[in-house]
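Engineer: My questions all concern the structure below.
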C-alpha cells in the first residue's frame, strides 16, 4: 500500500519535473548557491580543523598520546633511555643545544632563535640574577663575548626511537632517521626547515659542537622535515649521540632556569599505564621529585573544537541565510506551479488520488529538486576543492592529502532536504486544498 | 411447486432527498432540494436542465467530489453519505469514471500516459507491463489505440475526448459520470462520443450523462430534467 503511494508520488513527481525543466532549473540555481554555501562552510571548517590539528599535532603530539615532561637530573635521562630501549610503543626525546659551524665563534642566532630575528637584539651583556623555587638567588657573570662568525645555534633533539607515530613530521626532502641500522660514528641528523634555512643561508661548515660533548662531531645530514617549530632544530639518534657524550649530562639548576640543559619528553601510546607506572617508580626511586614526574593525555582536538565551534556557527548561520534565499526561490516557483496546475491536481483527485498523496507529490517534486541540487552542489564543492588543492596545495603543506570531508556531503544532503521540505510544504498544503469540483466548473 | 426465487439486486446508485445549499458570501442558495435518483447497473440516465439548475452539482455529489447537506446516498446498497475523504478517494478510483466537457488531458503526457494517470493514483500499484496492457485495452475500447503515443496537441477534439473516456474506463468502473462531454465538440463527433459512452452500458456499466443536447439525451434509457433543484 505504502509502496504504491510512494511509487505513484515518485512517478508523478518525476513527470512534473521533466515537464517543467526550465522552471526546475531556475529554482535549482538559487537553491544551488545556498546548498553550496552550506557545503563550503562545512568543508572549510572540517579542513581548517584538520589542518590546525595537524599543525598542533606536530608540536604537541597526536590526540590520545600520553606525554610526560621529566627534569633531566639525577640520572633521569639514563633511566628513561634504559627503560624505553627497544620499545616501539614509547619514545623519549632528550633536548639539548648545539652549534653548527666554525668553533669558538658567536653563532648568528645566539640562543637558537629563528633566523628572522637574528642580529636584531641589543648587545647587553650585564649581570643576570636567577632565583630558584626556594628563593635562593645567584648572579650569573656576563659571558665573554665571542667573535662573530659562521655558526648557527640549534636545539638538538636526541631520540630513542621513531617519533613519527607520535608526532606526524612531514618530510620535506631526504629521508628520516633509520633506527634499525647500526649506530654510525658520524651522527646522522635530520634538520627542521628553519635549521635547513640557516645552513642554506649562512653556508656554515659542517662541524657540530654539542653541549656537554667531549669532542666536536661531523654530522651527516640525511633529510629535512617540517616539525612545526619556528626555531632551528636537528633530530638525531640518541645512541649515535652517546658515542660523543659518554653519559647524559644532568642539567644544573642554572641551566634549567635558563631553559637550557637537558630536557626530557616522553611519548607513550594510549593505554600504556603499566609503562607509566614503571617509569614513575624508577625515577622516584632515583630521587626525582614525584611532583615533577607527570603524564598527561594529548587532547588537542577537543580543545580546538570548542574554539572553532563559535566560528563555525557564525559561518553556518550565514550559509543558512543564503540557503533561505534559495528556499524562498523554490517556494516562489512551487506556489506559481501549484497555481498553474490547479486543474491537473483537481483531476488527479477526481480519479482517486487522496489529498495526502497529492501533497506528497508536490513535496516529492521539491524534495527531488532539493536532492538533485544538493548532489550538484556537493559535486561542485568536491571538484572545487580538488582544483584548489591542485593549484594552491603546494603553498599549504598541512593540506597535503586532504580529501573532501564526508561531513560536508552530509550537510549538503541535509540542506537540500530541508530546503525541499521548507520550499515545498506550503505549495503542498495548497495543492491538497484544491477542491475537486474545480474540474466541474472549468 | 415452489415459485422461483426472485433476486433483487441493489441499485447501483440511490439518492434519497439530497439537498445542497451553496453557502457563499451572499445569502445561502439552495441548489438541490430533496432530489431522489436511482441508477441500476447497465442503465443510462440523461439529466437535462438549464445552466445553474444544479446538474453539475448533482454529478459532483454522485462522484463524491462534494457532500450533500441533507439526504442519503447509497452505493450498491451501502450508505456512503458521510464517507471520510480517504475512503471517498478510494471509491472514486474503484467505482467511478469521469468525463468532463473539457478533456483535461495533460499536454506534456502522451495519450497512453494520460490514460495511465488513472492507474497511478496511489490506490494500489500494478507493474508497468500490466498498466500498459490496461491502457491499450481502454484505448482500443474507444477506437484510438493507434494514437497511444500521440500528445494531446496532435489530436483532434473528438480524439482528445475519447482519450478522456479511455482514462475513465481504464479502471473498469461501475458508473461513468459524464458532464456535458459533447459540449466542446461538433455534432458528428459528439454523436460518436455518445456512442462510445453508451457502449459501456452494454457491459453493465451505469451511465449518468449531464447534457444540454436533447438528441443525445434521447439516446439514454431515462431522461430527467432538473428545474429549481428538483427533478420534474
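Any Cβ shown, glycine's included, is placed from N, Cα and C.
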Engineer: Examine the ranges A:25-45, A:46-66 and name the one recorded by TrEMBL as transmembrane segment.
Structural biologist: A:25-45
Engineer: Mean pLDDT, the domain 'ABC3 transporter permease C-terminal' (A:318-436)?
Structural biologist: 87
Engineer: Which sequence positions outside the transmembrane segment (A:313-335), separated from its termini by at least 6 residues, show Cβ-Cβ distances below 8 Å to it?
Structural biologist: 23-24, 26-27, 29-35, 37-38, 40-42, 44-45, 362, 365-366, 369-370, 373, 415, 418-420, 422-424, 426-427, 430
Engineer: How do the residues of the domain 'ABC3 transporter permease C-terminal' (A:318-436) split into helix, strand and coil according to DSSP?
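Structural biologist: So the domain 'ABC3 transporter permease C-terminal' (A:318-436) is made up of 103 helix, 0 strand, 16 coil.
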